[in-house]
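Data first, discussion second: the structure below is written as structure tokens.
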Amino acid sequence: MCTARYYITILTAILGGSTQFYSYGIVNPCQELITQWINLTYMERSGTFVSETNLNLIWALVVGSVSLGALAGALLVRVLSERCGRRNALIINGIFNIIGAFCELIARSASSPELLIIGRFILGANMGLTSGVVPMYLMELTPTKYRGAAGTLHMVAVSFSDWFSLLIGLPEVLGGSIWWPIAFALPGIPALALCFILPFCPESPKYLLVTRGNREGAYDSIVALVGELQAKPVFNELIRESARDKSRSGSFWELFTSKKLRLPLLVSLLVMVAQQFTGCTAVFAYSTDMFINAKLDPQTARYATLAIGVVYFLFACSAPLLIDRVGRRPLSLFQLISCLIALSLLTLFTGIQQYGQATWASYGTIGALVLYMCVYGVGSPIPWMITGELFNQHFRSTAVTVSVFVAFFMTMIISSAYLPFQQMVGVTFSYMPFIVGSCISIVVLYFILPETKNRDVNDIVNEARARNHSLSLGMPWNTLSKEGRTENKHIEALNP
């Protein structure tokens with residue numbers, strides 16, 4: 001049984017850290033309002049309105065600054081989490097979050113679109129950093145039995161912030177001409193709460209013991225998390241895990257060059273890439289346009305986007321309940337296959353509507369989008385947490401840094417390229433790269449993705465190596481049976 005301090009720590013981390021994804025979505029409902037303000041601001045400065053080309057460029061900077069900041073923040077995961085600790089990295093992140101929110105709050109009164117861009121870049125860096133540190137911190141705080149459920153809470157909070165940003169950005173709420181700076185600066189409030197509460201919360205005991213060699217501090221942290229009665233067995237388990245961990249570097253060079261780490265790194269990246277190939281970036285960014293293509297008027301389309309955001313959040317809430325009952329591997333494959341079906345249906349109904357001129361197909365398009373959000377939400381946390389289970393303590397933050405950077409890099413590429421690609425091939429065929437990518441991802445992950453539920457990291461890595469050995473011998477079917485994996489482990493043990 002965990003203590004009250006454990007639950008306070010978890011709640012503070014996800015509300016003050018994970019919900020920063022709010023900044024990604026808040027800009028979409030306010031596009032027309034912000035572009036008008038930018039145009040008027042530059043007219044007051046120079047006496048002339050900005051050309052349409054330059055206005056689109058400035059707007060692209062406003063939108064894209066979050067993605068660029070997220071890439072920068074992702075690269076800081078290892079540096080801050082290893083040098084300062086998981087908890088202190090989040091506190092530092094919170095301080096900069098407050099600075100970014102303040103820049104956005106005063107941008108209109110200062111007549112400075114540049115401050116808005118700077119603020120969004122800082123908040124984007126907060127997103128990148130929390131995407132790596134929060135799941136890692138939550139899972140290192142939590143006993144092995146409940147580790148999976150804790151790791152999913154990051155994406156549950158992200159899904160909440162997604163629909164909440166759409167709600168706050170509506171003109172009827174805070175998206176109007178007067179209150180939009182408050183809507184943009186809202187993430188500063190939970191960040192401020194984090195900075196006041198988290199210093200009184202425990203640091204990751206795994207970090208204290210394995211990285212810092214602080215046995216006493218690690219034990220005190222465990223006592224604060226699970227209580228005195230359960231502290232000793234949890235501490236002994238942590239000692240055994242650290243004793244099996246022979247590595248001491250954890251550098252990027254060793255991560256990329258070590259033969260033993262090659263497959264775990266490949267698996268963690270493929271799981272992250274596979275989720276991007278579900279088309280999540282395009283669906284989230286352009287769902288309003290998809291509803292408009294389904295013959296909804298613009299205002300109704302905005303409310304429909306908010307509605308499917310709520311659906312996504314509700315189904316993401318099922319992930320903590322399913323992750324340890326079903327397992328990471330089955331849930332991940334279920335999500336990928338279900339998203340593939342939803343995308344195929346979306347392509348089919350869009351094609352019927354576009355080329356067959358059948359008005360009833362618009363209902364099929366809406367249904368496919370709702371189905372997509374349901375099944376995507378169920379498995380969405382897995383790529384963000386599984387990297388922490390595939391690597392030992394010394395390489396965990398390094399691998400998470402690489403995984404999160406790849407995720408945000410792909411997000412930036414897909415969000416930038418999707419609209420031009422759609423205009424080139426048409427709406428119907430714009431989903432084909434995601435369908436093909438999903439098919440490939442499902443086949444590859446079916447053979448190489450190990451189950452990580454309630455397992456020691458060394459056992460997980462051994463299974464990953466066994467799966468790799470089967471594939472290298474041209475016998476992928478050996479990865480499907482327990483006997484085959486056991487035989488491969490024996491072979492791997494003789495040939496380390």
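Note that Cβ sites are derived from N, Cα and C of the backbone, with glycine treated the same way.
According to TrEMBL, the features are:
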DOMAIN    9-453  domain 'Major facilitator superfamily (MFS) profile'
TRANSMEM  57-77  transmembrane segment
TRANSMEM  89-111  transmembrane segment
TRANSMEM  117-138  transmembrane segment
TRANSMEM  150-171  transmembrane segment
TRANSMEM  177-198  transmembrane segment
TRANSMEM  263-286  transmembrane segment
TRANSMEM  306-323  transmembrane segment
TRANSMEM  330-352  transmembrane segment
TRANSMEM  358-378  transmembrane segment
TRANSMEM  399-419  transmembrane segment
TRANSMEM  431-449  transmembrane segment
Non-local residues, at least 6 beyond the ends, that sit with Cβ under 8 Å of the transmembrane segment (57-77): 23-24, 27, 31, 34-35, 38, 50, 89, 93, 113, 116-118, 120-133, 397, 400-401, 404-405, 407-409, 411-412, 415-416
Segment confidence, the domain 'Major facilitator superfamily (MFS) profile' (9-453), expressed as mean pLDDT: 88
Spatial neighbours of the transmembrane segment (399-419) far in sequence, C-beta under 8 Å, 6+ residues away: 64, 67-68, 70-71, 74-75, 77-78, 127-128, 131-132, 135-136, 252, 255, 261, 264-265, 268-269, 272-273, 275-276, 281-282, 285-286, 383-384, 387-388, 390-391, 430
Maximum Cβ pairs under 8 Å to the transmembrane segment (150-171) - stretch from the list 117-138, 306-323, 330-352, 358-378: 306-323
Non-local residues, at least 6 beyond the ends, that sit with Cβ under 8 Å of the transmembrane segment (306-323): 148-153, 155-156, 158-160, 162-163, 166-167, 170, 287, 331, 369-370, 373-382, 453
